[in-house]
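**Student:** Take this structure first; my questions come after.
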Amino acid sequence: MLLQEVMGYHAKVDPRMGANGASCFYALPGCLDFDNKVVGDKQCGINETTLHISVDSWVGSYASAMDQFNKEFPRIASQDLGGMGYDGEESMYVSQAILNDAFTDSGLALDFYKSYLAKVSVDIAYVINMKYFDSIHDVDLLELELCNETDMSNPSRIGDYAKYSGDYDGVVSQPDGNGWKLQALMQWSTAYGMPTAIGLSKGFVSNMNFELPEVQSLLLELQQSSTYNVSCKWMRENRARWLKWKPVETSCYEGFGLVDASGAFVSSRADAVGCGLCQAGSASDELIDDQGRTFRCKPCSPGYSQANTYSTQCEPCPKGTSASSFGSTQCTPCDEGFYQPDTAQTSCLSCGGSRTTLLLGAGSLTDCVCEAGTIEWQSVCVACHDDSMHCPKGSTVDKLVAAAGTTDLRNPFVKKGYFSNPLAPLDTYKCAGELVCPGGSPGECFGDREGLTCGDCPEGHYWASEKCEPCGAVSVAWAFCVTFVVIGVCGSYYMLTSSYTAKASVMMSTTAALGMLIALFQNLGVLNTVAVEWPAGLRDLLNFASVFTFNLDALGLSCAAGGNVARYVSTASFFWIVTVALPTVGLLTNFIPILKRRSLAWEKNKTISTTGQFLQVGFTTMCNVGLMPFMCYRHPTNEQSILKYPNVFCGTAEHWIMRGFGALVIFLAFSFFIAACYAAYQAPRWSGKPRLAAIRFLIFRFRPNVWYFGLVLLARGPLLSMPGVIATNMPSLQLTLMHMILLGSLCLQLWFLPWKSPILNFVDGLSVSLLVMLLAGSLGYADSSGEDAARVLAIFGTVISSLMVVILAGMVTLGLCALCYRSALGSSKELRIMNLGKVPEEKDVFQSLLDVATFLKEDGLGKDKQFIADLGKLSVYDIGTIMRAINILADDLNMAVGDGMRKSSSKRIATGQRTTRSQTSFSAEKTAQTALSSAPPETGGENTQSAMV
């Protein structure tokens, strides 16, 4: 009636009796099965509620269950509106008569539990039981519930009793049950020694109603009138009383707060017109003034937050979070590099000192770890070498030592191609390649190699088949090899010829092709010194080619020579030993009579040519070996090692010894190159003289007019090795410089076409072009362009290098076949492929010369100016070709020429000697020409032709 007539609501009385005191706070939110004993089966949050008010609700024993439900369903949770004007208490009832009797007869206060303590004598306990209470035997067991039908079987309730009282005797877990205040009485009985027997009556307690006198009076009136009339009468008689019950608009409930006319939250009633739901970021705060109790929505203070509406308090920010402003709806996790070990904080603390955190929301200083690119060493974060070590966030030296391979990117490890000193794990050294240094943990070398760069095998072993093999009989094999080399070098004297011809021979073409193949392998060996991780197929070829630059470790040189210094000294000394040995042997042969009688004693000029041939063939290798001690690459520790001998550190005593021997080799190479330049300069003057045989090694492969081209090939050797000295630590720059050098060499080769045989020019140009392409592609290996690019470059490099070897090997094979064919190279009977076409017959050439002579004799008389004008119309290439042809005829056919052609207009090595006609013969010829021109053209034509010929 108050709700409808005073408050203006449509209200309906719908009395429903719950099974227990908890039923009301499940029923009001709309739980369909609010009496279900299983909390999860009450079907809450499905439908709108039809019950809005519950009176006479006894929820005191279920406060924890109510709080738990309100947390799970904050938006539909019921609100406690307070008492109805009288207080109720949940407890056991002892009648007043018994209380009076006990106090009068025995002085016992049975309404105080302490009176039941078991410390009283047995007699007193017996008196209490027998005199004032029923005996346990007087209770009808049929009127009691079974234990499994009461709260005695509720583990969450009886479990607490057993836990806190220690009374585990007879406590058996049962599936279900019910009971009112049962567990409380059990705890009281145990705590105070109450001699009680506990059971649950069937409906006795639920039928008990205790009402105040006023309520009893109203109930009596209902006997004489209707509910409406009794209620209406009471309202008229108690108007002043219930008006006070009428809620004030600004009396807000918990979870709400005061708002003004615009809906903004305010802090006092003076500015308020009503109540509003507290929003996220705020909480309902109690306010008591002269109008009573109300609530206001107060923003959460810094360090606190509230994510839900209808909240009664703000939650402190947990560890690892903070809230810096008022009204925070949530606490912000600490950023990377920050942590917060306390709650309710307004900011996070910085890790500092190059430290960060693995995740957001760090709650302890121990969560601060070293940043990526640094590693913890003795509690300090120190920088990692990015090139040699992988150091993610949280790296420590202990994790580095425990690294297993290079695949776990979450932990630190040594990268492939680098070695870490186990005694100083942060000191890393660059190895010769990823193969020998697999990376992972410090101290890892592949194949039992040793040293700070995994550069050597243990003593008594050598590197072969990707592992260190025992030397065994390798030392003996080297003794045989050295003997064979000595015999071969000395025997080469008898295989060489001392004569020079302008025409290419089969032997010359074959040996020239073989020389090209050796030069190719030398160039590839120099390319192998560049610190680039080559693909597998190309790497195998380059490793093989490095043998031609005296990288003989794979052949077991260490077994015969020993350590790094001994190996290098023996290699460097080889060139000096042979250079001195050849002239010495040549001199000694002239003191051996049997050799002189059989014409086997060495002739001086040929001995010089043989020595020059050895130095020329090994010039690229010699320059590379001499420059090797000067090729120092840098480690991440800023120390330097020799590129070929990485276990030898630059600046050490070993290095200086190697540099001394290297300087001697460079001096030998430089001296030879200067001597070759002088010989090339003097070669045209030595034409037809015996001393020309001394420099045959330099000129015999090239056409007479470009005899000096051997200097270009000699210069190419040291120039290819120099980038390794200039830019040892910059592979891209090395490859670029080598590419430029080879490209320049190719341009000169294509311009001069120096080789005597056309096919040699073609093969040399093609092989150098392929090498230039390989160098261009190699620039991609020095740059990380992704797996697809690396795969394409690997195929490209393998194909190009294989083509070079196949082409030059094919040329050598072709030369050997031509030897069997036994026809002079350059003759009309020679295989066409050797000359890249058919060579004209010599008699046809001679007939063509006669035709030219006839033309000049007959048609040229008196037409000098016309012919000169016609010659002026020719291209410079054609004019040059005519002059070169005339000079070749003059020199190699021993022509008699006039004073104007006494000297050749172009320098070349001639196989003959031109002569100069006397002035008398020249005048007689001139007179004959004049007479011939004045003779009648119709007489003696045929005889004149014969005379002219």
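Cβ coordinates come from backbone N, Cα and C, glycine included.
Taken from TrEMBL, the feature compositional bias 'Polar residues' applies to 912-933. What TrEMBL lists as domain 'Tyrosine-protein kinase ephrin type A/B receptor-like' is 327-368. Annotated region 'Disordered' per TrEMBL: 904-949, in sequence order. The transmembrane segment annotation in TrEMBL covers 476-496, 508-531, 574-593, 614-636, 656-681, 706-726, 732-752, 759-781, 793-821.
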**Student:** Among 574-593, 614-636, 706-726, 732-752, which stretch has the most Cβ pairs under 8 Å to the transmembrane segment (759-781)?
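**Tutor:** The stretch I would name here is 732-752.
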**Student:** Determine which recorded stretch among 574-593, 614-636, 706-726 has the most C-beta pairs below 8 angstroms with the transmembrane segment (476-496).
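**Tutor:** The stretch with the most contacts is 574-593.
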**Student:** Grab the same-chain neighbours of the transmembrane segment (706-726) for me: Cβ-Cβ under 8 Å, and only residues 6 or more beyond its ends, written as numbers and ranges.
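**Tutor:** For the transmembrane segment (706-726), the far contacts come to 519, 522-523, 526, 529-530, 616, 619-624, 627, 630-631, 643, 669, 673, 676-677, 680, 683-684, 698-699, 733-735, 737-738, 741-742, 745, 748-749, 752-754, 908-909.
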**Student:** What counts of helix, strand and coil residues does DSSP assign across the domain 'Tyrosine-protein kinase ephrin type A/B receptor-like' (327-368)?
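**Tutor:** Helix (H, G, I), strand (E, B), coil: 3 helix, 11 strand, 28 coil.
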**Student:** Out of 574-593, 614-636, 656-681, 732-752, what stretch is closest in contact terms to the transmembrane segment (508-531), meaning most Cβ pairs under 8 angstroms?
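**Tutor:** Between the candidates 574-593, 614-636, 656-681, 732-752, the best contact partner of the transmembrane segment (508-531) is 614-636.
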